[in-house]
Amino acid sequence: MAYALQQLINGLTLGSMYGLIAIGYTMVYGIIGMINFAHGDIFMVSAFIAVTAFTILAAADVTSIPLALTFVLIVSIFFTSAYGWAVERTAYRPLRGSSRLAPLISAIGMSIFLQNTVQLTQGARVKPIPPVLEGGVVLWDAPGFAVQIGWSQILIIVTTVILMSAFTWMITQTPFGRQQRACEQDRKMAALLGVNVDRTISYTFMLGAALAAVAGVMVTVYYGVVDFFIGFLAGIKAFTAAVLGGIGSLPGAMLGGLLIGLIESFWSAYLWAEYKDVATFGILCLVLILRPSGLLGRPEVEKV
Amino acid sequence: MNTPATTTLLSVRQLTMRFGGLTAIDDLSLEVPAGKITGIIGPNGAGKTTLFNCLTGFYKPTTGSLRLNHPRHGEIRLETLPSHRVARDAQVVRTFQNIRLFPKMTVLENLIVAQHNVLQRASKFSIAGLFNLPGYRRAEAESIARAATWLRRLGLEQLADHAAGELPYGIQRRIEIARALCVDPLLLCLDEPAAGLNPRESAELNDLLLYLSGELGLSILLIEHDMSVVMRVSDHIGVISYGRKIAEGTPEQVKNDPQVIKAYLGEDDDEDDSEQRTHAVAGGANP
Amino acid sequence: MSAVVFARHAMTPAERLRDAAWVAFVGLVLGIPMVGLTTVDAGGRLGVETRFGLLAAVVAAVFGGRLLLRWAIDQARNRKLERERASTATAADRASGALKLVNFLGWVALGTAITLPILFSDNRYVVDTATTVLIYVMLGWGLNVVVGLAGLLDLGYVAFYAVGAYSYALLSTQFGWSFWEALPVSGALAASFGILLGYPILRLRGDYLAIVTLGFGEIIRIILVNWTEFSGGPNGISSIPRPSFFGLDFTRSPAEGEQSFAGFFGLEFSPMHRLIFLYYLILVLALLTHAFVSRLRKLPVGRAWEALREDEIACQAMGMNTTHIKLSAFAIGAMLGGFGGVFFAARQGFISPESFVFTESAIILAIVVLGGMGSQMGVVLAATLLVLIPEFGRGLAEYRMLLFGLAMVLIMVWRPGGLLAHREPTLRLKPLQQSAPAKEAAR
Amino acid sequence: MKKTLLATAVLTLGGFSGAALADLTVAIAGPMTGQYASAGDQIRRGAEMAIADINARGGVLGEKLKLEIGDDACDPKQAVSVANTMVNKNIVFMHGHWCSSSTIPASDVYVESDILMATVSTNPQVTERGLKNVFRIMGRDDQQGLVAGNYIADAFKGKKVAVVDDKSAYGKGLADEIAKAMEAKGAKPTLRESITAGEKDYSGIVTKLKQAGVEVMAYGGYHTEVALLLRQAKAAGLELTVMGGDTMTNSELVTAAGDAADNVLFTFSPDARKNPDAAPIVEKFRAAKIEPEGYVLYAYAAMQLFEQAATTAKSTKYTALEKAMRDGSFKTVIGELSFDAKGDQKAPGFVVYRWQGGKYDYVK
């Protein structure tokens, strides 16, 4: 029981991170209908920025953890959004209106490019930082097994909940959210109604990148080690999460992320860890066969 | 093809189609005679296209039946067939309100694709085709000849080798009809074929329809929003509104029916709403 | 949306400078965390190192580069506009021009492909790289059927490649089958996997299909890694026998009672014989594949694939069984991928799951899209490019893959439709040659 | 057109090495880029130093050595390409490749072209396929696993041990051998698990170890995952001792795992740096600001091996060289090297090390 609870906590933490990255996929997909394969690498870039920022702080002898976290978050979000914007501007915008595969290939190219740029400029070695948030609370001291939740795990789950609420509010309540949804439904019509489509798309990429940046900082805090290759696996998992939840749907992305985190966690806890990815993809296939638009996706009945 | 005029080709019985809480077609019954042009009219959102979708297997009706009296296969229950078998086995072929050509393929290719089943059979799992055996060569030549005939009849011969998607709207409509004709239909269902056509093109369309039904004895089911077109060519007209049949008869009878006049003039605003609802349920924005 | 390209006015020098300054500023912002700052290992802990000199150089390069690029683009655009204004070429002319170009390219490619091993008969590297190109061409043609013609986005194509490679490896090492016996069986196995995958996911559209195929590719790989008894697990399968020349092995010292290729023909043994033989073998099979796929495209099934890509609903309304059409595309594509896998195993002599990762699927997909969806010659062009860019780059060491990624983006931005986007109709009512004089007469 | 491009490419990239062939060309190959680039870096530094020293001594048989570097990024497909490039460059000796999965397909190319190779790949398959040209200057996974397994069975008697691998050819091979050796000694591992290399979250497996009461984890795989496992174990309140293989020599482990690295034991060949004969060379490396850790001295030794074999054989021809190598015994910076019929090093000898305060040393 205690064991299951601990695995639940692990799964939720992992899932939150997948969810944060998945939102970036789902937003971009929602608005321009493309799979942004470079999104995982944007996340990787943000983790490197976070490492650099933490190292600077350590050199400057900043010991206040809240202060440090705030600083790193702001720096990382700022620069990562710039990357998100630049990627969209150079690799995707020129391809708007061409076949839906062209931006996909461009994205794959961008992903390879980003990975190698970071490898070149930051080195191929893993980048560790000393633990930022050590310790945690023992939730339940069951005989033989103490269920623990680390401060960093609490930080991740709480941040995710706050960001999700803020996001839902922004998409449903603010003018930007309305423009964003308008572009999702019909870009041409939105443009006719005076929505600046290009700008809305740019902002969407920046927002997605900002969320990836938060995830990047969290990963850096939680695991303490980043390398130029982390974007790939995280990206694939997050994309799977987005599809599982129903691509285009924000709560869906979060739900998908959490589900995948939990599946991975419990599958490797009780069954064969080496087949955990088979389980993830198997469940994805099953869900899609039963619900072709994902869990929370709008059913896509093509009008005849 | 020379079935007596009185034979019923298709009978729609108590057809109902619900999407969630919305009833798009409500207990509709209709007879379509063989060898004639039957018009279906009604305001926007009355359920005309939904009827077509039920008829051609794209939607499964909630209740009711669609019985086709096929000269060779006997009675066919259309609602039990998947869409491709409706076209292939029951030979009920349709066009679409928002034209659905194969845009990157040429006009000729579009028409050849329509003869896929015949050609595929002749190609014997592509083996005869791969080696270009005489049997297949003959079938291919025949299909090209057939396509060419229709292209000539519809004045599209010069455009045969152009990509279909690059041609003007009115021509695309004609191509779609030509393509449907290449499937060898028993019943041709045209969904607003005159939409977006200029008056001259409209007149040509009328001639074509009269030719198809008069000379070739083809049965045609025609949806039109625009009364004036239907009135000129239809032998028989059904009027639906809010998914119900409100009138039926010859153009003359329908024209003077008070119910019809009311449906068309009286409650325009409400109709727009109902169309919105139908669309929302059917999947929202245009594909 | 800047669709109205021709209305763009010429930029003034001040505008150009401002534009370049803005781009340089973006470069600066992007460069600060990646170029300007880096972390280095300082005795067990990280320390920050600044490289502002390098950053300044990069920003300056971006500024200059942007000025140059902008100018070059404007020049190219003007020239293109002028050319378009000056020319009276009709669509038909352009089509026949494109056709001529494709045909020309095809003959040149064929010529070089045939003469290459003769010209470089003692150069392993050239022959081997050319063999790799051919394998990717095969894979590209296979995926072209699924993605380019049928329009089904498959991100897990590597699965079939793996099935082919492992089938050959297992059949030959475990059961002693020869290359020629194993080849058709491997292809058939891959095709059955294609159907197996295709069947449950037929309902899925577009990108949902993409992720499921991606998952399928991963599942196959994970099974290969973990099922050690069957596939050798991460160790892979080594000592895969190489194809023999009608029973004659390419060995220096043949086994008792057998003859080697070199012995039979009275040649001095050279390891190049095997390489060149493998190359020609794959070339011949690739040409057969080309003939096969080109012919299929002109058959009902090929046209049905293209129609499916264009509009699935219209296909159904035409009475076409889209299930069968999709499955046939999956099966044929998978079969060709399986052949590619067999060649790969024959070339390497060793296979392991590492060779069948997602990146491989992505590269094959890139070959199809960069080449121009559905274009057979495009695949050849793109496969050659994508194999050669990293090989060229061997001299550039770390910049190699970076340039590869950049090239993918640039080619796509430069030609969103692919390198050879022209689509040749499968049949014409009037042959092209006849339409030209008719036009002459009309003038 | 494209193919002509290819031809010119090859010409310019030095495909024809006939022109300047006054020197003897030797080569190294390994992951110069990609995830394992740091290992490739070590090999390169070691080899460069060795070549410089040999040339300073007057070269081999009066000819200067020239070094070619091949990057396979640990990708089997690229390894074959690299091997073919090297054949074109008429190399007489190859030190490489690094990953077993690259060495295996590449060796097929070298054997056809009569090129001798000395590798540090530890997978048994490398020498088990009966290729005459392959020599291994490092121990094998099965030998390494035996030492590690025996050590665990003795030193951690009665403690619960998990055997974990990363599903790589190297990691799984090693972990299997460790488990086998442990079982032979009657110490059955409590858990046998696999993880996916390249992921960052191993909290699931850590929790599983904690639940099972595991205190020692024998790990087959690379150092980066060990660092993560240790950090996450620490965060989960699990004191874990890790027993790894030769890849743990990488000092990145210490940087990434911090103090927790002190819980890492690993097997590796006897430390060449302790070899009194090697002292001057070790000094030389340190003077050049290169810590001769991991594969640096192996690369150096490989070049020494070639130098001495060629001198003995008085030739750099394949047959003579191969015979010299198989029959001879060579004094190198990593100790005395001689080979058995398969090409494996006769007395590889693995020793158990422990990281301590950022340095590794024999376990006392």
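Keep in mind that glycine also has a Cβ here, set from the backbone N, Cα and C atoms.
According to TrEMBL, the protein has these features:
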- C:20-40: transmembrane segment (TRANSMEM)
- C:52-73: transmembrane segment (TRANSMEM)
- C:101-121: transmembrane segment (TRANSMEM)
- C:133-153: transmembrane segment (TRANSMEM)
- C:158-177: transmembrane segment (TRANSMEM)
- C:183-202: transmembrane segment (TRANSMEM)
- C:209-228: transmembrane segment (TRANSMEM)
- C:275-293: transmembrane segment (TRANSMEM)
- C:327-350: transmembrane segment (TRANSMEM)
- C:362-389: transmembrane segment (TRANSMEM)
- C:401-421: transmembrane segment (TRANSMEM)
Any contact, the transmembrane segment (C:52-73) to the transmembrane segment (C:101-121), with at least 3 Cβ pairs under 8 A: no
Long-range Cβ neighbours of the transmembrane segment (C:158-177) (under 8 Å; 6 or more residues past either end): 139, 142, 183, 185-187, 189-190, 193-194, 197, 213, 216-217, 219-221, 224, 230-231, 237, 239-241, 333-335, 337-342, 344-346, 351, 353, 355-358, 360-361, 364
Recorded stretch, among C:20-40, C:101-121, C:133-153, C:327-350, maximising Cβ pairs under 8 Å relative to the transmembrane segment (C:183-202): C:327-350
CB contact flag for the transmembrane segment (C:327-350) and the transmembrane segment (C:101-121), at least three pairs under 8 A: no
Stretch of maximal Cβ-Cβ contact with the transmembrane segment (C:275-293) [cut-off: under 8 Å; candidates C:101-121, C:209-228, C:401-421]: C:101-121
Other parts of the chain folded back onto the transmembrane segment (C:133-153), taken as Cβ under 8 Å at six or more residues beyond its ends: 113, 160-161, 206-207, 209-210, 213, 279, 282-283, 285-286, 289-290, 293, 296-297, 302, 305-306, 308-310, 325-326, 329-330, 332-337, 339-340, 343-344, 347, 363-365, 367-369, 371, 373-376, 379-380, 382-384, 386-388
